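Undergrad: My questions will all concern the structure given below.
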There are 2 protein chains.
Amino acid sequence: MDVLLFGCGRVGRAFCELLCRKSDMLKRASISLVGVATKSRGCIYNPHGIDVDDMLRWESITGRIDALSRGGCSVIQDSNEMLRDINYDVLVDCTPSDFDLGEPARSIIIKAIQKGKHVITANTAAMSLYFDEIMDEALEMGVKVLYEATVLSGTPLFSLVRDGLPGCRIKRFEGILNGTCNYILSIMEMGCSFDEALLETQRRGLSEQNPWVDIDGLEAAAKTVIVAKSLMGLNVGMSQVHVKGIRNVTTQAIEDAKRRGGKLKLLSRVEINADDLDITVNPEILSMGHPLAYLEGFSVGALLLTDMIGEICVSGSGSGPKETSYSLLRDLLSLKGR
Amino acid sequence: MDVLLFGCGRVGRAFCELLCRKSDMLKRASISLVGVATKSRGCIYNPHGIDVDDMLRWESITGRIDALSRGGCSVIQDSNEMLRDINYDVLVDCTPSDFDLGEPARSIIIKAIQKGKHVITANTAAMSLYFDEIMDEALEMGVKVLYEATVLSGTPLFSLVRDGLPGCRIKRFEGILNGTCNYILSIMEMGCSFDEALLETQRRGLSEQNPWVDIDGLEAAAKTVIVAKSLMGLNVGMSQVHVKGIRNVTTQAIEDAKRRGGKLKLLSRVEINADDLDITVNPEILSMGHPLAYLEGFSVGALLLTDMIGEICVSGSGSGPKETSYSLLRDLLSLKGR
């Protein structure tokens, strides 16, 4: 299975590093990276498989992806050309999330689907904005679109429901979906102010370029929409989510939560009531009996209420690029296994 | 896919009820129950599929499985005859767990495999005692043996690792695997003595006939062995597990744990150290930051340390026959999906 990677930022790079680390496994599974396209650092193609280790080494010296033009690698001028002309089986999309328009991810994904290629994406924005269009197009073309990396990073959620909860209806969803917010709230619990906590997050390079996408709950809301559509079959959009981020959370509020024996968390919630639907992203006090209350730092998790076996909770200790890139690999392997 | 059910106790009955509830789904998946064998309540066979609803109704009146002899059902005298002579694709084994010998489950499973049938089992005892023999036999015959129901009841564990964590190595395992013990400890936390808590559990019909199998940690140990073998590839047996149950847990010990800011839980643990292996089932104090500490009542859960994405935790709110029987259905569907 030949893979074309679009985007080589933090997640794309972590994906490449993972491919290096797991090269034996990938060889056994006949999975190889044949193309890498970036916006400003060049594009390369090698039908026999790119030496990823070498590519990363050269990139770290030259700052260019296309510095590696040995061993059958050819430099491509335009990323559109790659989508159109080269041979590949799966597009792995690691382009940055744009929460206004969902571009360029949407266009790239749709083009790949229309060429009959499978798509694996980490792009939360595009999937939350164009879920229906993308899935309809994929259905029509008979290809798969997998998006495990868009929610809970490396922790399996969609594959858990697909393979682990077949036949179950998800009646309620609660999640701590944004690791950055959870990290900030965790630091605040140790006595920092919001500003100090944010600074610490940025200083450690843990937040996105625009941290307000996290902090104001936009990223969590997008993830919640993907969950509502994908796991609960709900016809909803970003406009239906009542979002309140953590921008105005005070040390006082954190202390209040503690005094009440709980923890303040940015909680995503999808609740189906008798005749309406409640989708929220809100700072909420969780009692210490709540399965998500113990999640600290960059941990993320989800609590699903099912019709058949009650509540199921899944969580993971990490939500960085390394974990996210693992979900891309998982999707790749599951595509291979089909 | 034609199913033969062996054993119709609490789990077998719950499995039948689940088949009734999900009859539409099963019809779509072409899954039908063609035979039911019990030790003392008769055996029936219907190549066109048993009307499970009807069977359960008749059984509740007459106490016999073979009371239903209409609509193409034939009564079979001997369960061995069923294994040998009737047509089926999958054996679903719900025979009771015998922790001394693992019988009759072992013999039944091996016979089915040797006839080239797939096997789905809920029998913790047989799987912990004869894991290698059973899996080797299955490999040789080219059939599948699935055993999701043996650990964590309805909560997916083996399927989570298989489908959700491909390529991950499990470096450490911690689990609260016995729901009855967790229930007893939860009640004790509210001020009951051990004896009162046990009585309450029995009064509500929530414990097995022999509650000491749960209380002395034997059942949890068997589950731990299955995990160690299946998820961590370790060559271990029951004799290598250091087991200490909750028989001697005092109200004082529970209070001590509380005072130290934690909870006393019966924890299963598999730890691979530099040059040895530590497998224990022990009452341990978990701090409230531990992902399994919040599990109350009949909840069960597992914490996996992976080499690729750190810790993953999965838990479920129930561990009764209903949840266990769902895992049998899950295995059935996954067999169908292959």
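Heads up, the Cβ atoms here are built off N, Cα and C, so glycines get one too.
Grabbed the feature section from TrEMBL, which reads as follows:
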type     : residues                                          : note
ACT_SITE : B:Lys223                                          : active site, proton donor
BINDING  : B:Gly7, B:Cys8, B:Gly9, B:Arg10, B:Val11, B:Gly12 : NADP(+) binding site
BINDING  : B:Glu208                                          : L-homoserine binding site
DOMAIN   : B:7-148                                           : domain 'Aspartate/homoserine dehydrogenase NAD-binding'
DOMAIN   : B:156-333                                         : domain 'Homoserine dehydrogenase catalytic'
Undergrad: DSSP on the domain 'Aspartate/homoserine dehydrogenase NAD-binding' (B:7-148): how many residues come out helix, how many strand, how many coil?
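TA: Breakdown, helix to coil: 68 helix, 22 strand, 52 coil.
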Undergrad: Drop a 10 Å sphere on every Cβ of the binding-site residues B:Cys8, B:Val11 and tell me which sphere holds the fewest other Cβ atoms.
TA: B:Cys8
Undergrad: Does DSSP put B:Lys223 (active site, proton donor) in a helix, in a strand, or in coil?
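TA: B:Lys223 (active site, proton donor) sits in a helix per DSSP.
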Undergrad: Work through the recorded positions one by one (B:Arg10, B:Lys223) and point out the residue whose CB has the fewest other CB atoms within 10 angstroms.
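TA: Result for the recorded positions B:Arg10, B:Lys223: minimum number of other Cβ atoms within 10 Å at B:Arg10.
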Undergrad: Other residues with Cβ within 8 Å of the Cβ centroid of B:Gly7, B:Cys8, B:Gly9, B:Arg10, B:Val11, B:Gly12 at the NADP(+) site?
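TA: Near the NADP(+) site, the remaining chain residues are B:Arg13, B:Ala14, B:Phe15, B:Cys94, B:Thr95, B:Pro96, B:Pro321.
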Undergrad: What residues, ordered by sequence, lie under 8 A Cβ-to-Cβ from B:Gly12 (NADP(+) binding site) and sit at least six positions away in the same chain?
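TA: The list for B:Gly12 (NADP(+) binding site) reads B:Leu5, B:Phe6, B:Val36, B:Thr38, B:Cys94, B:Ser325, given in order along the sequence.
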Undergrad: Just going by other Cβ atoms within 10 Å, which of the binding-site residues B:Gly7, B:Gly9 has the emptiest spot?
TA: B:Gly9
Undergrad: Could you give the Cα-Cα distance between B:Gly9 (NADP(+) binding site) and the residue listed as 'active site, proton donor', in whole Å?
TA: 20
Undergrad: Measuring Cα to Cα, tell me the gap between B:Cys8 (NADP(+) binding site) and B:Lys223 (active site, proton donor) in whole angstrom.
TA: 22
Undergrad: Averaging the per-residue pLDDT over the domain 'Homoserine dehydrogenase catalytic' (B:156-333), what integer do you get?
TA: 94
Undergrad: Spatially, and counting Cα to Cα, which of the binding-site residues is closest to the residue listed as 'active site, proton donor'? Options: B:Gly7, B:Arg10, B:Val11.
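TA: Nearest candidate: B:Val11.
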